[in-house]
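One structure is given here, and the rest of the page talks about it.
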Amino acid sequence: MATLDLYTKGAGVWVPDPEAVWVSATLLRDYKPGDEQLLLQLQNGNEVHYSVDSPSDLPPLGNPDILEGENDLTALSFLHEPAVLHNLRVRFLDYSSIYTYCGIVLVAINPYDQLSIYGEEVIDAYSGQDMGDMEPHIFSVAEDAYRTMTREERNQSIIISGESGSGKTVSAKFTMRYFAVVGGAAQQTSVEERVLASNPIMESIGNAKTTRNDNSSRFGKYIEIGFGRKGDIIGANMRTYLLEKSRVVFQASSERNYHIFYQLCAARELPEMRSLRLEPPEHFHYTKQGGEMQIPGTDDLSDLERTRSAFTVLGVQPEQQMELFRILSAVLHLGNVNIQASGRSADRSYIDADDRSLAVFSKLLGVEGSQMAHWLCSRRLAVGGEMLVKPMTGQQALEARDALAKHIYGQLFTWTVQRLNSALRSQKGKTKSFIGVLDIYGFETFDQNSFEQFCINYANEKLQQQFNRHVFHLEQEEYVREELAWNRIEFSDNQECINLIEGPLGIFDLLDEECRMPKGSDENWARKLYDQHLTSKPHPHFGKPRMTNSAFIVFHFADTVQYECGGFLDKNRDTVFEELINILKASQSELVAELFQQQVAAPSVANGSVRSGKRAAREHKLTVGYQFRQSLQMLMDTLNSTTPHYVRCIKPNDLKAAFMFDPQRTVQQLRACGVLETIRISAAGYPSRWTYEEFFSRYRLLLRGPQSQDQAQASCRRALPQLIPDTDQYCFGKTKVFFRAGQVAVLERLRSERLRAAAVTIQRHAKGWLARIRYSRVLWAAATIQRYTRGALARRQALTLRYTKAAIVIQKTYRMMVVRQLFLMIRDATVTIQAFTRGTLARRRYRQLMAERAAVLLQATVRGWLARRAYRRVRAAVIFMQCCVRRKASRRELLRLKAEARSVERYRELNKGMEVKLMQLQLRVDQQARESAALRETLHSEREAASAELEALRGIIQKLENQKLEKPPPPSQAVSKKEVEEKRRAEEKAAQEILRLTQEMQALQKDKENISKEKEDLAAQLHEKERTQNECIQKAVLEASAALQSELDEEKMKYQGLLRELTRLEQRYDNLREMNLLTERSRGHRRTDSAQSLISEPLSPCSTPLSPQSLTPLSGSPFASAFPSPEEKRRISVTSPTPERRISVLSSETPLDQLMEKVDVAKDPAVKKKGEDLEYAYDAVRVANKFLESQLQKQQTEWKDELQDLRNQLSHKICSGSSPAKKRDVWQLLEAREFECMRLRRELKELRHTATLRHLLTQVSLSAPATETFCAARPKPAAVSGLLECRKRDETKLIRNLIADLRSEGALALPPGLPASVIFLCVRQADCSGDQARARSLCSAALMAIKAALKKQTSDLDMTALWLKNVALLHDLLSQHSPKQTLDSDELVPMTTDLSDLIRSLSDLCIQAYQQLLSITETQLQKLIVPALLESDTIAGLSGSAVKLVVSRKRAGSDPRPLGADAPTMASVLRQLGALHAALSRQALPQSLAEQAFRQMTYLICASALNNLLLRKDMCCWSRGMQIRYNVSVLEEWLRSRGLAAGGAVATLEPLIQAAQLLQVGKKTDADAQAIARTCTALSSKQIMKILTLYTPHSDLDEKVSLNFIRTVQELVRSRSDSQPPQLLMDVRRAFPVTVPYSPPPALSADELVIPDSLKISFLRRS
């Protein structure tokens, strides 16, 4: 089948479009040879006719949908421009993927947005991975270059090119960062830090804002990063090309000058910058021409701080920095120098003597202002052997001023690059290999193109030629390796265009020749170009515009560019007058003189030439064009000697809008950068390549005859000639079969037709079988329906007869019931009427009797009221009369008393009488109180008697009534009327009394019920209030506990991270010290080793127990609170200076010294450091410690505030309660929490002061006599038996035999914790003997020896576990017997020696041992996780059931994956985990510690596997999800079988489990989307979107996930309250805080220890 046969109805094609460049269309009818038109339907539904004159005019075919969004453009079935453009658009807009492979080229599209794909977790994911296995990324290219360099030991180059604003600088920056992280992990030196520090410096002095880019590099640079034998960075070197110096003096509209000028203007208010006399950039001529003073989103002041910090890192002293800033400020002031014209015809110029800008310029550079003013307006000429001074016009003077400014900036730029190179130069010896990163300008074409664009495009011509030849070479290598019979691929070679530019009598030659002419001009040069390349020898790549004679056209490989000749000669010469240079050479500034003294020794100036009165003999060598050609040739030689890697940066739009795709601009850049040329070269050969096994698995249904996987190659060779008759369309290799472009689509169509034919046959037989089954079922159903219908009719007739009989019976019964109900109703009505009538009569009589009785009562009441009113009137009159009489008598008595009161004696008598009266009244009151009490008692007794009498009367009445009823009186007996009346009265009285008592009882009962109800309500309210208060208090306490616990865990994590960093810095210090020693020895110097004694001089600044390892509070300790924290100082830092050290400090301060002074860290040259790296590393450790200390103090203040707020809240809630017991409990709990916080604060207070180790040792030595005296005064320690005595002379032997010389062969046979037990018994014996100094020294020596043993055994898992056990046991034993610890048993005797600081050091060492244990396992697991968990086919045959349509081509240098038995499997992972579990179990370490360790390991497994899954498209399929889920289940079962699931080890695997489930669930309907959003709770929204985007169909029955479904899931995921972090990749380096349980062992005795003879410690004596 030919390619023309693919133009059938429904096929997709691409047609040109003026706006979108290419649009997709669908064929509405088949194409037949000879047809002149194609009927197409566009995407918008319009039908168009496409003219076809010949088969070559057919529109390009579209690729299958399964290839949409392919990460490698060469994997497309049809390779052409529209397919490339569409694939890039889909990946950029739909998948947000900015990187795409195009064979060996990485295409990077600038997103104009911040993407979280460059973190350290991404670097970890790409490190060590094959380029073809991962998603395209700049890190993948960097990793491929790094691996190729280390494997083949050959230099590499990464060539990054593109237009301005396409992201070249950012790509180069991330590439260097990747090398710094990967290459710096081995030795941890400061070289990688310096390499990264060069970026902000070069950006500030070499980048500027243009109309296309806010941070455009205005120069090219090639950075060689040197690597050592171990793959670590040991140095770097930078080369720059063609700095755009014209930008210093001129900027186009909407552009800026170099960033450094605006940064200095922004920092003008700083104290150190005030001497520069800077103003806002609007006041300087060199910064205001473009009209843009500020870049949105940038802060020039903070950028300057980063630049200064970078200078400091690179070793540039602050004084030199200020010199640099003074020169830059002088350039700004030079631009403001006012040059005025004078003379009749304005042929002269002058500068005012009081010109402020010139004065500031002269002062900043330290030159004479008058001389500078004179030579800016004059020049010296040599005429006839005499020197003449000629004045210059105003325009010429301005040009001389601008030339001087450009020259100064160029020299400063060159000096800065040289200074960076000297700082980046290797300090460790010769570089073994290097990786070069070329960040160079891409092809440029503007409306006005000048000398800079010509040089840039010339460089791109050379790079494109090298690129084409390299791509062709790779294709050739592949064909030769497969032994193909192939024809030479023709590709466009631009050698002719290069010859036009650099060849003999080329453009550069003619330009240099014209520059040598005394009166050379741009017009003469243009005429020479026309004569040479148009008239004499017409060149195919040269042309002349029609409308002008001052321009020429060059037909470049990318585009046709018209260059304006104006300014070419001046820019090529780039001269400045010698008189001005001589003035600068005599400058008082050392840096200025250094800049211009360099020209004396150098034969040529990199940034231009100096024009003097006498022209140099060979001045043409000084032209910019000549220098650029020389440097470019050196660059090409370097690139040709390395293995290149290409990155092509694309600018998607000119608006700098985020994720906006302009197809016209993109196609233009694709054509210019060579991507389409790569496609063309690939398409000219055999772009599609399949192994025979892959081809057999995919197309086995097209093969005839017997089929076997073992005979795949033979089957393919037999079948292909039948499938593709044209043998030129394919070729057989040794291991692969190669196809030309479009042939895979032909095979896919044949395969689909075969599948369709097979499907039709299957459908025919299936439909016939279904029809027969349906007929038999219908026949059986009809008979069944008839049977059931007849039975239903019969049952219905029988039911009708039954209903008739039942109706008759019902009627009879109903009629009888109606008659009976009528009779009963009449009878009931009659009885009711009679009852109502009788009741009416009785009520009428009763009302009459009641009315009569009421009248009698009314009369009695009125008469009584009248009598009482008359009585009250008489009584009131009598009382009034008495009052009048008594008032009169009282007045008389008052007058008498007033007269008596005037005498003193009367007053005394009266007072005496009053005292007597008071006493009498008091007695009377007491008597009345007694009488009142007696009356109350009498009243109470009478009430009880009345109650008893009442009860008795009630009993009598009841008895009489009973007798009356039993024995009625005889009728004949006569009762007297008086007795009857008395009886009636008695009964009425009794009835009234009973009624009154009954009412009182009812009232009391009602009151009792009310009181009881109120009591119950109050009790319920009180209980509810207490319950609410208890719940609030409990909730507040739980919240406070949870907050404190979370803070504790966070501090533990930070603390353990600091310990890891401290270990890394110690290792770095040791490496630098050894390196410095080697350097000193190589120079012939010998030094006395100051590390011979562990006590006098430590191995490193952080190697003693009193090191900054204990910088953090007790909350960071891995042990539980076994004992209260010590109050005395436990941290002695090496950062505080001693008097001896202060004397040796040099007078000159480095930037790091200033930083140390800023953070209050003193300089301490305890060891004479000659190497620069050693000095910086040593000081950096101390600065980091001081910085961490300040951070912890800040956190202490925050904790105090939070604790006070919490205490206030709890006090408020507690006070609202009513239960004293609850308050007491809560206050006790609060006090306990407060005590815990006080303990934490005490630990933090210990961080406030530091002292040097020398000072500490001095104090220890001086305090020895005092200690002995104090100890003598103490009581004698209690005698303890069962100890081991070690004499002082045997301590070194004990430490050596027990720890230092202990080997794994004999150590594993020892009982767990034996060395720690022996050390403790020896320390205990020394303490009991009263020798506290020896106890401390022995414990310290053991600690140092264990630490040294851990450093030596960094890869031994069993020995690390052994030392972890011993360190933990020794910590617990010392803590148990600490004098500050409350002893659990009376049998334990506390130690008298305070070893709190050593206990803390043991705690830190325990963390280090635990981290080293995990690090060993992580190192072994890291290379097994991805192959075992993701790539291994544990379920046999699952992954091989379907093969992807197109397999991405691997690079030639990629490492092959291990196959077969060598490939890691889950058994390998479980073997490593089993080794860790065995090591922990062998040493009897606590189960909780093992659970924490395996939780960390499973997190590493989950994070590594998930990160790799998110970056690999081939892993995101249904079958792979099934494999991953099975592998994870195997791991889960292994963890559960060993009892490790309870510690969270299984829970950390949840993200990977959900990712595997996401690959297996349906992805079509809205219900599927809701299920995904509901179940994938452990995955972040970005992770879910990434997996759905990368999902690849497993077979033909599967489909890609649609964009609508992805958007639906995205909306659902956004709406949920997601607690997961928003990042894409998991942090592989995350470390959980560890807590080593404090388990005090039982009483230890030497008699219980079994010490083998192999330890050779028989010199110990039992005591």
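Sequential numbering from 1, following the chain as shown.
Cβ coordinates come from backbone N, Cα and C, glycine included.
Within the model, the coiled coil (1178-1250) carries an average pLDDT of 57. Feature annotation from TrEMBL assigns coiled coil to 1178-1250.
Sequence annotations record features per position, and here TrEMBL assigns compositional bias 'Basic and acidic residues' to 976-987.
The annotation compositional bias 'Polar residues' is assigned in TrEMBL to 1090-1115.
If you look up TrEMBL, you'll see 8-60 marked as domain 'Myosin N-terminal SH3-like'.
Annotated domain 'Myosin motor' per TrEMBL: 68-752, in sequence order.
Look at TrEMBL and you will find 1340-1615 tagged as domain 'Dilute'.
Positions annotated as region 'Actin-binding' by TrEMBL: 632-654. Helix, strand and coil residue tallies for the region 'Actin-binding' (632-654), in that order: 9 helix, 8 strand, 6 coil [DSSP].
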Distal contacts, the region 'Actin-binding' (632-654) - CB-CB under 8 A, six or more residues away: 88, 92, 102, 104-112, 138, 141, 144-145, 148, 152, 154-168, 171, 212, 222, 239, 241, 436, 438, 442, 458-459, 462-463, 466-467, 470, 660-662, 665-666, 669-670, 673-675, 1453
Intrachain residues whose Cβ lies under 8 Å of the compositional bias 'Basic and acidic residues' (976-987), provided they are six or more past its termini: 957
Three-state composition of the domain 'Myosin N-terminal SH3-like' (8-60), taking helix and strand from DSSP: 3 helix, 24 strand, 26 coil
Structural state census, the compositional bias 'Basic and acidic residues' (976-987) (DSSP three-state): 11 helix, 0 strand, 1 coil
